[in-house]
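As recorded in Swiss-Prot, the features of this protein are as follows:
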- 133-317: domain 'ATP-grasp' (DOMAIN)
- 159-215: ATP binding site (BINDING)
- Glu288, Asn290: Mg(2+) binding site (BINDING)
Amino acid sequence: MKLAFIIDPIHQLDPCHDTSVALMEAAQILGHEVWVTQANWLSVVDSKAWAILQQVELVPVQLIDGRWVAASPWYTLNTRSFSSLETMDAVFMRTDPPVNDAYLYATYVLDYVDQRKTLVINNPNGIRGANEKMYALQFTKAIPETIVSADKDFIRQFVEAKGATVLKPLGNKAGEGILFLQAGDRNFNSIVELSTQQGRLPVMVQTYLPEAKEGDKRIILLNGEPIGALNRLASGSDFRNNMATGGTVAKTEITPREEEICSQIAANLRQDGLIFVGIDVIGGYLTEVNVTSPTGIREIDRLDGTRLAHQVIQWVEKNLQIQN
């Protein structure tokens, strides 16, 4: 197979952490061609999606003394070519958020890939319809008490009723802009005004879950089925458990309650073409559904001795065989 990965500039990626690199390595190890491009290298020509593509050869990371070690250099890029994305068997959309205009325009370009010829993971229309904070709201039995609003007075009422809450911007990633907000906070007005841009943008406010102190679980789903998980723990005084904010990771198991959550959302994910997804769970409650560029494979493989990226590529192989 020929697989294309739409990524951030490859020199910016950390091969010891980045899930996109893990997927590319797995594809190469399994005998497939790996090509890379970027969101700003996409075009539409004669109503078809094209891209500046470069074939890449990778030196896979090695697990030494419990940590991933990368060669230097860890990749080699070949000459650029301008080609139709339909020359690829599958295209992985792996550009990191925020989901801004540039990101959305890239998904519109991907609409012009004929998915009868080339599988796009995740489906561009599915990505657009699945805000990573808002998507979870349809699963009312799985989520904590939540509001979404730009109205400061309504937010205040909710916070005063719940006592302790977490405020989340709707378009950020990796814990950016997430704030702990409680009744009586002297900075309440400033926090809400800044987060909502003076009442112009809605934010999500959720009941604070004390179980967050025990970790925030990331569960990786492949076509709606859980294939691995890790627990993320906050560092120091920061209440956020994200790896990007300095949090640490620990081995974990998927509980029956978490299996139930996965079952609740599986049909929706499949219907929306959201094949590779990471969900976040705290204390048995679904808090986010990550569909743009979910991460965690490197850490799960290191902790559990698994090869999750291989499972993903093998799923693509099997799916394309069935399709053809």
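Even glycines carry a Cβ here, placed using N, Cα and C.
Feature map: Swiss-Prot annotations on the structure.
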| residue | record | DSSP (3 states) |
| --- | --- | --- |
| Val159 | ATP binding site | helix |
| Leu167 | ATP binding site | strand |
| Ala183 | ATP binding site | coil |
| Ile191 | ATP binding site | helix |
| Gly199 | ATP binding site | coil |
| Thr207 | ATP binding site | strand |
| Gly215 | ATP binding site | coil |
| Glu288 | Mg(2+) binding site | strand |
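The two recorded residues, Val159 (ATP binding site) and Asn290 (Mg(2+) binding site), show a Cα separation of 26 Å.
The Cβ of Thr207 (ATP binding site) has 19 neighbouring Cβ atoms from other residues within 10 Å, across all protein chains displayed. Shown in sequence order, Glu132, Lys133, Ala136, Ile279, Asp280 are the residues of the chain, 6+ apart in sequence, with a C-beta less than 8 angstroms from the C-beta of Glu288 (Mg(2+) binding site). The least crowded of the binding-site residues Val159, Leu167, Ala183, Ile191, judged by other CB atoms within 10 A of its own CB, is Ala183. When averaged over the domain 'ATP-grasp' (133-317), pLDDT in the model lands at 92.
In the structure shown, across all protein chains, Gly215 is the one of the binding-site residues Gly199, Gly215 with the greatest number of other Cβ atoms within 10 Å. Asn290 (Mg(2+) binding site): 24 other CB atoms within 10 A of its CB, across all protein chains.
Separation of the C-alpha atoms of Ile191 (ATP binding site) and Asn290 (Mg(2+) binding site): 25 Å, rounded to the nearest whole number.
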